[in-house]
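Chemist: Annotations for this protein, taken from TrEMBL, read as follows:
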DOMAIN    2-126  domain 'Photolyase/cryptochrome alpha/beta'
BINDING   TYR219, THR231, SER232, GLY233, LEU234, SER235, PHE265, ASP365, ALA366, ASP367  FAD binding site
SITE      TRP299  site 'Electron transfer via tryptophanyl radical'
SITE      TRP352  site 'Electron transfer via tryptophanyl radical'
SITE      TRP375  site 'Electron transfer via tryptophanyl radical'
Amino acid sequence: MATTLLWLRNDLRLADNPALAAAIEEGNVLPVFVLDPAAETGGASRWWLHHSLAALEADFAARGGRLVLRRGDAAAIVPALAREIGAVAVHAGRAHEPWLREADRRVAAALQEAGIGFHRHRSALMFGPERITTRTGGVYGVYTPFSRACFDAFAPRPPIPAPARLAAAGDPGGDRLGDWGLLPVKPDWAGGLRASWTPGEAGARARLDAFLADGFGEYDRQRDLPGVAGTSGLSPHLHWGEIAIDAVWRAAVAAPGRDAARQTFLKELIWREFAAYLLWHTPDLATRPMKAQFAAMPWRESAADLAAWQHGRTGVPIVDAGMRQLWQTGWMHNRVRMIVASFLVKHLLLPWQAGERWFHDCLVDADAASNAASWQWVAGSGADAAPYFRIFNPVLQGRKFDPDGAYVRRFVPEIANLPDKYLHAPWEAPEIVLRGAGVRLGASYPRPIVDLAEGRERALAAFAAISGKAS
């Protein structure tokens, strides 16, 4: 019987995996995952990857298979392994990130030279990014018409069940997962991640089921409220491909509930697609502003301000709550991501690339496309971006979206005893109120590192200075 090699990347699942299904049709399957340093995986994502691969190893073993782990240059390892086991073909999910596309190119050339087939399958996205074009064949630069095109064209794939059994395809040997050093040792900063997440395909399915049962029906009304469980929490599972976009779409369409909630959720899935589309057409999305005039932006340099922002010590409660949630859980509520990003690039006038790098290291859902596209959107330099003069007031944002202070009190407990009136702006509280709440500004909790009005005016002046430059 023929042998095939299944090259797994961001498709760490058995169900709804078209590459796995196609490999099984050809013969015995050997699955392999290659830890390639070119991916530059952040710390929180490395933690997730370890546990996701451990779950996948167990899932393969329960079906008589074995997941082979190798470390190094995937473009060299995959063809060599295919030759070693006598594979007639290699199957993989289609790659979209620039470094993975380059690996694909090199793998395809090596396999062609060896006479081995290389078959790539739609797996991570709704479409291949090159398939979505404007009516004139151009690239969409605005989300709304892009989303209409996706809604019109997307038909989710019918369910592909996980295989009951897998025929073994030899044992070429590989690494032990524990030897990869993906987990933190000293200090062990992952306690909050362990308490918050269950990586793996079963965890993804459980997360989706829980959301559909409680949260989905009010998604359009509650998704902006960080103090309630109003979002799906599926982003890291989708990033690592522990659940297929097709499965999530099918489930959302079939679930009972208000159509306004359903459409809002589906549009958020398409935002993810739009980000991948932008990265496909703009490989340096994480480093270069899409709007050329932003290259001349007079960004400040302040290691102290950046560190205060990173560690949730800015003295602005909603910002500090978000940054602490990120550090403690590897995730941050989407509304708060916009608030903390706006604070960094506008009130502090620090470069968006610094925020992108920090998020990339700290997020368990550190998707290269979504992270970079979102930071450029907030900065005003990206596709369909927020205008430069949109500067979120973090106090007003906190009062609007965390009115009872549940979110801030959870992550900034040192000011939890303040009345709601002053919780989002402790510096406005009279001294007697601060004392009664056990708060000493500048000691138990920082004073704001920037005057919000002055920071806003500085940002507007900086953005105005580049507004006349060529776009």
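Even glycines carry a Cβ here, placed using N, Cα and C.
No curator has checked TrEMBL annotations; they are predicted automatically.
It should be emphasised that the depicted structure is a prediction, and the values quoted were computed from it without experimental measurement.
Each of these features: where is it, how hidden is it, and who are its neighbours?
Modeler: Under the DSSP three-state reduction, LEU234 (FAD binding site) is assigned to coil, being neither helix nor strand.
On its own chain, TRP299 (site 'Electron transfer via tryptophanyl radical') has LEU349, LEU350, PRO351 as residues at least 6 apart in sequence with a Cβ closer than 8 Å to its own Cβ.
TRP352 (site 'Electron transfer via tryptophanyl radical') falls within a helical segment according to DSSP. Counting only same-chain residues at least 6 apart in sequence, those with a Cβ under 8 Å from the Cβ of TRP352 (site 'Electron transfer via tryptophanyl radical') are ALA341, LEU344, VAL345, TRP375, GLN376, VAL378, ALA379, SER381.
DSSP classifies TRP375 (site 'Electron transfer via tryptophanyl radical') as helix under the three-state reduction.
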Chemist: Comparing the binding-site residues LEU234, ALA366, which residue's C-beta has the most other C-beta atoms within 10 angstroms in this structure?
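Modeler: Of the binding-site residues LEU234, ALA366, the highest Cβ count within 10 Å belongs to ALA366.
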Chemist: If you run the three-state DSSP split on TRP299 (site 'Electron transfer via tryptophanyl radical'), which class comes out?
Modeler: coil
Chemist: Specify the count of other C-beta atoms within 10 Å of the C-beta of TYR219 (FAD binding site).
Modeler: 23
